[in-house]
């Protein structure tokens, strides 16, 4: 039988207090989580020439001869690409870690990669080994790969339904803040000088230390405790702490219903997490998986993060004086941070779907304007260099308004507890593979296409806007059962098959029946029922 309000302890009927604990949890998790991803993308730009000189000097000291420019560039490309490769490893680790250790403990264990990387970069000059920088960047990437998957999962499972989008979107806000702060710290007046570049690369250990000292004081994901571990008492305590009072009755009901959905599908008291291969084979989740795979790939293939890897080069091509490039680059980080904060305020009003599709649509428009501006600039048309700069900032703003944050929320909202870790593994792997490809291909795209270098990104943004518009339903304020039903309505072929599937007993049948109850409970709950039940 389905657990109802009369079986929920009396103390959970009291209204919840403020979200102070939830806010602190978000801060402590994100500073050592997605903040690190943005920070480590941006700090590698400032010491580029110093690290390349260190590579050449080290090689000459070993072998008595220096490297020519193409070989130094190749080693530098390996250092830059090592971050993405480590991110891929981290994304593959994130699923098993989050299931075995839980969301919070996974984030805490993840800091060990950052501490090891900091030791390597601080000692690389003493050891006279540029290979240590490559290994360090792999470890930093692994840290980012784990946090980019586990942190949105943790936030999505810990936030109340009406704040789920805003809390999960805060991951993107902290990523943008990391990019901005990394650009500031990388200024030559701070840590971006030649004597201090190892300290710049090792400064990422400080956010990791902050998280290690603060996050243990905050609760684990209530959904993980109830559905994965089967510990109802721990779930009640965690939910009460996160809500600043007692666990709300309706929210506890939804958790119990989701637990029974998972138990019905897995024929057990506690859920067993799906593997990525099992998720690929599950036809009932194929529409959701295709949508997440497309959104995750597009987020990196749209070219926004590649701009940060090669920001100086792009601005130089746009005609910005070399001595001003480092300050202009800070403006790009500030633009994405501003856009992500604005989007965080809008997401629960506008919805995920419109922000995502609108973001890619705006990026498509700015790609066209940017291409025209670069073409006219090559013909010496006055003012086109500044229009090109406006386009870069507008492109980054458009990315921050939608794709930057909404993409990470989707797996947490459209997959159940058993499929969520595998969905994040698949989405994260595609994101990092796409980022690795873009990091390696962008110089060839720029050199080969010249003024038309943004046309491939235009195609990615257009296709993404159309595809997501056709496949993604709105998820704002909806339960998992309602979102599943919305996906089925989008997929008309499946809707025709539903009556036949419902005639026989099947785990999917249980999912639909429980889904109806979930939707009914969430939308028609009468407070008088609680009073009668208490009597």
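Keep in mind that glycine also has a Cβ here, set from the backbone N, Cα and C atoms.
What TrEMBL records for 20-39 (among others) is transmembrane segment.
Mean per-residue pLDDT, taken over the domain 'Major facilitator superfamily (MFS) profile' (26-476), amounts to 88. According to TrEMBL, the feature domain 'Major facilitator superfamily (MFS) profile' maps to 26-476.
The annotation transmembrane segment is assigned in TrEMBL to 74-95 (among others).
Here TrEMBL flags 107-128 (among others) as transmembrane segment. Counting residues 6+ beyond its ends, the transmembrane segment (107-128) has Cβ neighbours under 8 Å at 29, 32-33, 36, 54, 58, 61-62, 90, 97, 101, 135-137, 139-140, 142-143, 146-147, 150-151, 154, 198-199, 201-202, 204-205, 208-209, 211-212, 215-216 in the same chain.
The transmembrane segment annotation in TrEMBL covers 134-154 (among others).
The transmembrane segment annotation in TrEMBL covers 166-185 (among others). Sequence-distant contacts of the transmembrane segment (166-185), counting only residues of its own chain at least 6 positions beyond either end whose CB sits under 8 Å from a CB of the stretch, comprise 22, 26, 30-31, 33-43, 45-46, 148, 151-152, 155-156, 158-159, 191-192, 200, 203, 308, 326, 329-330, 332-334, 336-337, 339-341, 343-345, 347-348, 400, 404-406, 408-409, 412-413.
Annotation source TrEMBL lists transmembrane segment at 291-313 (among others).
Residues annotated as transmembrane segment in TrEMBL: 325-347 (among others). Within the chain, the transmembrane segment (325-347) has long-range Cβ neighbours (under 8 A, six or more residues past its boundaries) at 42, 45-46, 165-166, 169-170, 172-173, 175-177, 179-184, 186-188, 192, 307-308, 311-312, 315-316, 355, 389, 392-393, 396-402, 404-406, 476.
Listed by sequence, the residues of this chain that lie at least six past the ends of the transmembrane segment (354-374) yet keep a Cβ under 8 A from its Cβ atoms are 295, 298, 302, 304, 317-318, 343, 346-347, 384, 387-388, 391-392, 394-395, 398-399, 401-407, 450-455, 457-458, 461-462, 464-465, 468-469, 472, 474. Among the features that TrEMBL reports, transmembrane segment is placed at 354-374 (among others).
According to TrEMBL, the transmembrane segment annotation covers 386-410 (among others). Sequence-distant contacts of the transmembrane segment (386-410) (same chain, at least 6 residues past either end, Cβ-Cβ under 8 Å): 34, 148, 152, 156, 164-165, 168-169, 171-173, 175-176, 291-292, 295-296, 298-299, 302, 304, 307, 314-315, 318-320, 328, 331-332, 335-340, 342-344, 347, 352, 355-360, 362-363, 366-367, 369-370, 373-374, 377, 427, 464, 472, 475.
Positions annotated as transmembrane segment by TrEMBL: 422-446 (among others).
Residues 287, 290-291, 294-295, 298, 301-303, 352-353, 356-357, 360-361, 363-364, 367-368, 370-371, 374-375, 403, 410, 445-446, 490 of the same chain sit 6 or more residues outside the transmembrane segment (452-472) yet have a Cβ under 8 Å from a Cβ within it. Annotation comment: TrEMBL describes 452-472 (among others) as transmembrane segment.
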Per Cβ pairs under 8 Å, the stretch of 74-95, 134-154, 422-446 packing most closely against the transmembrane segment (20-39): 134-154
